[in-house]
Amino acid sequence: MENNTEVTEFILVGLTDDPELQIPLFIVFLFIYLITLVGNLGMIELILLDSCLHTPMYFFLSNLSLVDFGYSSAVTPKVMVGFLTGDKFILYNACATQFFFFVAFITAESFLLASMAYDRYAALCKPLHYTTTMTTNVCACLAIGSYICGFLNASIHTGNTFRLSFCRSNVVEHFFCDAPPLLTLSCSDNYISEMVIFFVVGFNDLFSILVILISYLFIFITIMKMRSPEGRQKAFSTCASHLTAVSIFYGTGIFMYLRPNSSHFMGTDKMASVFYAIVIPMLNPLVYSLRNKEVKSAFKKTVGKAKASIGFIF
């Protein structure tokens, strides 16, 4: 039955209603979030403290860690509170805020991934010009531009989604405030909103994916010209790890946002969103950083200094 009263709060259905699964899921999500927190904030601190990591590649990695922490924190704590207390309500303004920051950080990540791919292209394909290509100003502009695009995109999508009238129901068939489940609750004409999402997300993803694919195409060509089989295998292994994370990120994003609203199945979307919003931020420090010898060396030095400081105190 249609309700003509505008909603002031939403009810997030969550992942499951089974009471026996709430505590186990809370523990799992808490574990994932703690790894995300320690991994990403630890990576930022490590890069700041070690002068050997003050290079363009690690500058982008530190920003990637920041946005991973940002969009995970926009979603995961509220989900965990729901598991622990059973509180599924979220105020209208809180829902809009959660949606805004999630979109802002997820978009910034998309452009940062493209910047990282370009940085690797410059390092591997144009090594003699690398220092003049990836200057401090260029790196800063790429990072700042990623955040500007992120918050601009978030403003567009938040305004586009929350300008609609939600008078049919306030029950969101999802575990956080996202565009597809919110659009299904609207009693306004959703066509324009769906087209805005499709074209804006499509443009952002297409631009970033093209930069990544073209960069890696030249990288692979350069790798194939390497004479050392060991060096070639190592470079291929590194690129494969990066491309795996990129494929998961863009694959789930395209699956979520570049389909008509009528083809969304909330159960499937929830599972995709778990990977997109919660698991990927946990994996990125491992895929992009902890496999790196320079990061491992910096970590060992930091731990050694910490042990020495503790020994000196006691």
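Every residue, even glycine, has its Cβ placed from backbone N, Cα and C.
Copied over from Swiss-Prot, here are the features:
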type	residues	note
DISULFID	CYS95-CYS187	disulfide bond
CARBOHYD	ASN3	N-linked glycosylation site
CARBOHYD	ASN261	N-linked glycosylation site
TOPO_DOM	1-23	topological domain 'Extracellular'
TOPO_DOM	45-52	topological domain 'Cytoplasmic'
TOPO_DOM	74-97	topological domain 'Extracellular'
TOPO_DOM	119-137	topological domain 'Cytoplasmic'
TOPO_DOM	159-194	topological domain 'Extracellular'
TOPO_DOM	216-235	topological domain 'Cytoplasmic'
TOPO_DOM	257-269	topological domain 'Extracellular'
TOPO_DOM	291-314	topological domain 'Cytoplasmic'
TRANSMEM	24-44	transmembrane segment
TRANSMEM	53-73	transmembrane segment
TRANSMEM	98-118	transmembrane segment
TRANSMEM	138-158	transmembrane segment
TRANSMEM	195-215	transmembrane segment
TRANSMEM	236-256	transmembrane segment
TRANSMEM	270-290	transmembrane segment
For the transmembrane segment (195-215) against the transmembrane segment (53-73), do we get 3 or more Cβ-Cβ pairs below 8 Å once near-sequence pairs (under 6 apart) are dropped?
no
Could you tell me which of these disulfide-bonded residues, CYS95, CYS187, has the greatest number of Cβ atoms within 10 Å of its own Cβ?
CYS95
Spatial neighbours of the topological domain 'Cytoplasmic' (45-52) far in sequence, C-beta under 8 Å, 6+ residues away:
58-59, 61-62, 294-295, 297-299, 301-302
Which of the three DSSP states, helix, strand or coil, fits CYS95 (disulfide bond)?
helix
Over the topological domain 'Cytoplasmic' (45-52), what is the model's average pLDDT?
88
Let me spell it out: take the transmembrane segment (24-44), skip the flanking residues so only those 6+ beyond its ends count, and list any with a Cβ under 8 Å from a Cβ in it.
15-16, 61-62, 65-66, 68-69, 72, 76-77, 79-80, 83-84, 278-279, 281-282, 284-286, 289-290, 295
For the topological domain 'Cytoplasmic' (119-137), jot down how many residues DSSP puts in helix, in strand and in coil.
16 helix, 0 strand, 3 coil
Reduce the DSSP letter at CYS187 (disulfide bond) to three states and note it down.
coil
Any residues 6+ beyond the ends of the topological domain 'Cytoplasmic' (119-137) with a Cβ under 8 Å from its own?
56-57, 60, 215-216, 218-219, 221-223, 235, 239, 242
For the topological domain 'Extracellular' (74-97), sequence-distant contacts whose Cβ falls under 8 Å of one of its Cβ atoms, 6 or more beyond its ends:
7-15, 22-23, 25-26, 29-30, 32-33, 36, 105, 158, 162, 172, 175-177, 182, 277-278
Cβ under 8 Å, sequence separation of at least 6 from the ends of the topological domain 'Cytoplasmic' (216-235): give me the contacting residues as numbers and ranges.
117, 120-121, 124-125, 243
